[in-house]
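Reviewing the structure listed below.
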């Protein structure tokens, strides 16, 4: 290949393709492949400079708060429910757990978090297909314009982009932009102040996100009434035959554990994660039984407990590794708010069992606009194109913070602007209300207890919305919800649902109109039109006669790409297959060629250390690129095919078992979820592509109650006029009767709900709800309870967020070493820690919060040092 680059003939042909005149002594490789790019120096790569930037932009920096120091405890004493696990050979539950029930100290914070800041992949020759593409381009005597476009697009991506984790400057800029969305031109608004109630929002979500009962793969779930350790159920004898029923959500064990275990993974602290969650829920339960939330000492004990657990609301702010533009490398970096693992676990226990068991969307439910669990393959995209081509309009689809509208034969792709920043705690309260009343409900009876209802409605929203985060050693405010928390999807989907509800009430104006844009101000939800395609039906129909010979049109390798319509439908475009007679998906061209230029690496990080995994990853990467659309582009297809074959030969020559590597091939690819249930040897052929795109009947829906086939428009109008009826309202009343912290007549409200429950007639098919309550009465009760729940949420949030004033807090931070050059990147804020007692101290009279019956361990050297320092400072003030 080096001979090709150094030949004069090659220079002439390549230069002609790009309109570049030959230059004496200049190598073609220098023209097409840029030199190694060195990212610019990050101007905010120290805590003091970062703090100054945030202060200058009015961003709230919080007073540093202390963490309890971790101490070692016997696992069998902390988690007696899981004592059996320690007897199983191969089980990894540690004999001791490092728990935070010792004296309190300020945490030491890792300045650098993986992936490393400032590092970027620049022309990754081990994976990049550029040279192979250029080589293949040289073999074409008369290059067509489409082939030239392929080379141009790929080389432009290599020149203009880089894969990496951006900069602290980019992270800080993103934080300020999130604050502007939340508090700027259209500040966030609580839905209850706009006339919504939790029940009316739930009735909208019944249409846009119908859910079923909790479960996994047809396995029924246990009620939400237990602590996490009791969600692992042993059946049988550990010394003989046994099984373990696992009712905990799936988690990524390689991801960050978060506070209070900075620098460790969830897999390394899984025992601690369960232990902290257990203790939190048990303390909450004990206080609720004592009437916590009412005025008096019990209320103070609850707030004291929440203050002890403040770190559950403080995420670690990581940069998201992406393919960023080099021109905006300093200012554009996406953030990931990594929740503390106990917070992630407890919220996931509410959302994951329901959402993972709800494959309900536009493909299998009439009138449902949801794209949740939508797969563009197996005829999925063709169904959407048929929906677009149908003459009825306006109409809409929705997925998280993405809205798609067909209006006046124009396709609109609309995104919520900085989607997570638009979310308020009340929005998440409404989302939790929906999951509990529609998912965790058995024929109207709740499958949850008071503790879980109180946590979901009154505590969880304050843990992840408008909470706080750590970046470097700064504790700062988070505006909106933390990106990547266990409720991110449903919160964003709820926001988009409210936008569509207002659009329906306005009689569905054109998205280009000022009337449509006025929804932003009314709801306090910002959005923008990302893409619009006029004459969408005409453009889609033109794909049929223009389809070129290829894998799915004649069964041959393509010599010219077929045209596409870039719908931006969750990143997918449409093209046409003559063989199948349907529209099939290809990844949007820009995204496809950017992915070809810069790989993300092995998706499952636990496989990274496996010998031979790099070559196996190459096989998967190149074949996956072909599957998601590379098959339609001749040069990219050939380059990926040749590179995958070379990687296969390398594995075979080294004696690595190829089949073993590729058995779980979807875990190696960033596109893995797309191919769920598709089993091939990972060699792209005409037959495999046809099988992947062959239409199959959609999965049957799994819902707890029938979905209104009249669609969202009918429900929006019925709610406005008060004509809507919903038999699921009973579980909502039970929830609102139990999940409150301050309602003085809670007993009376609960009795009312039980009275309604007993009024249900014997006939299971009878419309008992119609007979017992009118909509107006229900909404009136829900409105009262919603306001009470909101009041409780404010107090909960105040306990979790230790900000002493409403003004921007501007403490002086000591200058520390630059994290790019520091030999020891671990630093702490050397300030005296403030000691805080927990609920058990209030109950027992002494000591910090630790498991009941456990003796206080001996203080560590660090704790002794901090205590002596505090004593000296106290004496000096006297």
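The backbone N, Cα and C atoms fix where each Cβ goes, and this holds for glycine too.
Swiss-Prot lists region 'Disordered' for one of the ranges 811-844, 845-878, namely 845-878.
Sitting within 8 Å of the Cβ centre of 258, 259, 260, 261, 262, 263, 264, 265, and not among those site residues for GTP, are the Cβ atoms of 256, 257, 269, 316, 340, 341. Neighbour density at the Cβ, taken as the number of other Cβ atoms within 10 Å, is lowest among the binding-site residues 258, 260, 263 for 263. Here the binding-site residues are 259, 262; the one with the fewest Cβ atoms within 10 Å of its Cβ is 262.
Of all the binding-site residues listed (264, 265), 265 sits in the most crowded Cβ setting, with the most other Cβ atoms within 10 Å.
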